[in-house]
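Q: So that we are looking at the same thing, I have put the structure below in structure tokens.
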Amino acid sequence: MASRRGALIVLEGVDRAGKTTQGLKLVTALCASGHRAELLRFPERSTEIGKLLNSYLEKKTELEDHSVHLLFSANRWEQVPLIKAKLNQGVTLVLDRYAFSGVAFTGAKENFSLDWCKQPDVGLPKPDLILFLQLQLLDAAARGEFGLERYETGTFQKQVLLCFQQLMEEKNLNWKVVDASKSIEEVHKEIRAHSEDAIRNAAQRPLGELWK
């Protein structure tokens with residue numbers, strides 16, 4: 001009998017919505033309750049591609065928009081062997097951003113269609129659950145360190161949010177919207193409940209492929 005696979009859970013949202021905080025809390029809580037769980041963050045900045053992206057995000061270098069979109073996708077693809085291996089070992093993975101951020105942030109730029117933006121990520125491991133942390137842009141901008149990295153401007157984040165809203169219309173993906181303006185503990189409780197459901201369901205079905 002095949003061992004139960006772990007769930008692939010993604011945290012998405014505009015910048016400073018609390019994804020990293022909630023990802024860490026979720027992994028800690030899942031491990032405390034007997035699950036095997038780990039956190040991965042995208043971009044994964046330790047690889048050669050990731051270092052290039054880190055320099056770009058910190059505004060130290062400039063890259064052409066099409067090229068940088070493909071690099072973000074490549075950064076996800078280079079983690080696919082690890083993701084699949086962990087899931088097959090029964091480890092639940094919590095991802096701080098994934099392909100949806102890649103599509104939304106490029107789609108927010110001029111002259112990019114969402115269809116074009118999706119293409120490089122077609123076939124990535126399909127998440128069992130995507131948690132969108134909903135936060136008013138003014139509230140996000142008021143949170144610490146907003147504006148330090150590229151893309152952290154109110155005007156651009158508004159366009160990003162519109163792209164996310166279009167992505168959430170897809171019926172074959174398991175999106176759950178969470179009100180991130182609530183207290184950290186309230187948000188965590190809701191995320192935890194959705195995640196426990198996803199873990200139970202993932203154990204009964206094979207891993208899918210994104211946008212296929």
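Including glycine, each Cβ sits where the backbone N, Cα and C put it.
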Q: Can you say which of 83-107, 108-132, 133-157, 158-182 is given as region 'LID' in Swiss-Prot?
A: 133-157
Q: Out of Arg97, Arg192, which of the binding-site residues has the smallest number of neighbouring Cβ atoms within 10 Å?
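A: Output over binding-site residues Arg97, Arg192: least Cβ neighbours within 10 Å is Arg192.
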Q: Rounding to the nearest whole angstrom, report the longest C-alpha distance spanning Arg16, Ala17, Gly18, Lys19, Thr20, Thr21, Arg97, Lys182, Arg192, listed for ATP.
A: 20
Q: What residues, ordered by sequence, lie under 8 A Cβ-to-Cβ from Gly18 (ATP binding site) and sit at least six positions away in the same chain?
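A: Those within reach of Gly18 (ATP binding site), by Cβ under 8 Å and sequence separation of 6 or more, are Leu133, Leu135, Ala180, Ile184, Val187.
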